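Chemist: Mind having a look at this structure? Questions to follow.
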Amino acid sequence: MADKLRLAVGIMEEFSCVPYIIALSNCLLYTWYGMPIVSNKWENFPLVTINGLGILFEFSFIIIYFWYTTSKRKASNTFQLGSLLSKLSVLLTFVTLHEIMVLQIKLAVTAISVIVAFSVTALISAYAFHDHHHRKVFVGSVGLFVSTAMYGSPLVVVKLVIKTKSVEFMPFYLSFFSFLASSFWLAYGLLGRDLFLASPNLVGCPLGILQLVLYCKYRKKGIIEEPMKWDPEKNDDKTKQLQPVDDDSTINGKP
C-alpha cells in the first residue's frame with residue numbers, strides 16, 4: 001500500500017499544478033483587463049467572456065488536484081491505523097504522508113499568492129490611475145509577464161518528452177488547441193493594435209508549433225519506464241523469467 005501511495009505522489013509531482021495556477025492568474029488579469037474599468041467601455045468584451053470561463057476551468061482543475069492529494073492522504077491514514085504489518089511499512093507511509101502534506105502546502109501557498117497578487121494589481125489600477133490608457137498599460141504589463149510565464153511552462157513537458165522520447169505527458173489535443181488559441185489571440189491583438197494581447201502570443205505560437213513537431217516525431221515511440229519505478233508485484237513474473245540459468249546444473253541434468 002505504501003508503494004502505491006508513493007507512486008501516486010510521484011504521478012502528482014510529474015503532473016505539476018503550477019501551470020494551472022499560472023493559467024488562473026493569466027485568466028484573472030485579462031478578465032480584469034477587458035472590464036470597462038480598465039478598457040474603454042466594452043471594446044475587449046471577448047476577453048471577459050473567454051477568460052471568465054477560463055477562471056472556472058482553472059479553479060476546477062486546482063480543486064480536483066487538491067482533492068486527489070487529500071484522498072490519498074486519507075487512504076494512507078486508514079492504512080496506518082488499520083494494518084501495521086511492519087515497521088518499514090509504517091515508516092514508508094509516514095514519509096508518503098509528509099510528501100503529500102508538502103504538496104498541499106505548496107499548492108495552497110501558491111494559489112493564495114496568485115489571488116493576493118491579482119487583488120493588489122486590481123486595486124492599484126482602479127485607484128492609483130485615473131484614465132483608461134494608464135490602467136491598460138499597468139494591467140497589460142503585468143499580464144504580459146504572466147502570459148509569458150504561462151506559455152513558457154510547457155517547456156518542462158517538452159524537456160520530459162525529449163528525455164523519455166514519449167508523448168505520454170503531452171496530449172495532442174492540448175498542444176493543438178493551445179497553438180490555435182495563441183494564433184487567434186495573436187491575430188486579435190494585431191488587428192486591434194493592442195500589443196499587450198499580441199506580444200504574449202508571439203511566444204505562444206512558436207511553442208505550440210514546437211510541441212506539435214515533437215508530438216509528430218515521438219508519437220509512435222513507446223513509453224520508456226525507469227527500472228526503479230517498476231511495480232514489483234506487477235513485474236514479478238518478468239523478473240522470474242530473466243533469472244540466470246546455471247549451465248553446470250543443466251548439463252548434469254539437475255533441475
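Cβ atoms here come from the backbone N, Cα and C positions, even for glycine.
Note: TrEMBL annotation is automatic and uncurated.
According to TrEMBL, the transmembrane segment annotation covers 20-38, 45-67, 79-97, 109-130, 142-162, 169-191, 197-216. Among the features that TrEMBL reports, region 'Disordered' is placed at 229-255. Sequence annotations record features per position, and here TrEMBL assigns compositional bias 'Basic and acidic residues' to 229-240.
Can you tell me where each of these features sits in the structure?
Modeler: Listed by sequence, the residues of this chain that lie at least six past the ends of the transmembrane segment (169-191) yet keep a Cβ under 8 A from its Cβ atoms are 14-15, 46, 151, 154, 157-158, 160-161, 197-202, 204-205, 207-209, 211-212, 214-215, 219.
Remote same-chain partners of the transmembrane segment (197-216), defined as residues 6 or more beyond its termini with a Cβ less than 8 Å from a stretch Cβ, comprise 44, 47, 140, 143-144, 147-148, 150-152, 154-155, 157-158, 161-162, 167, 170, 172, 175-176, 178-183, 185-186, 188-190.
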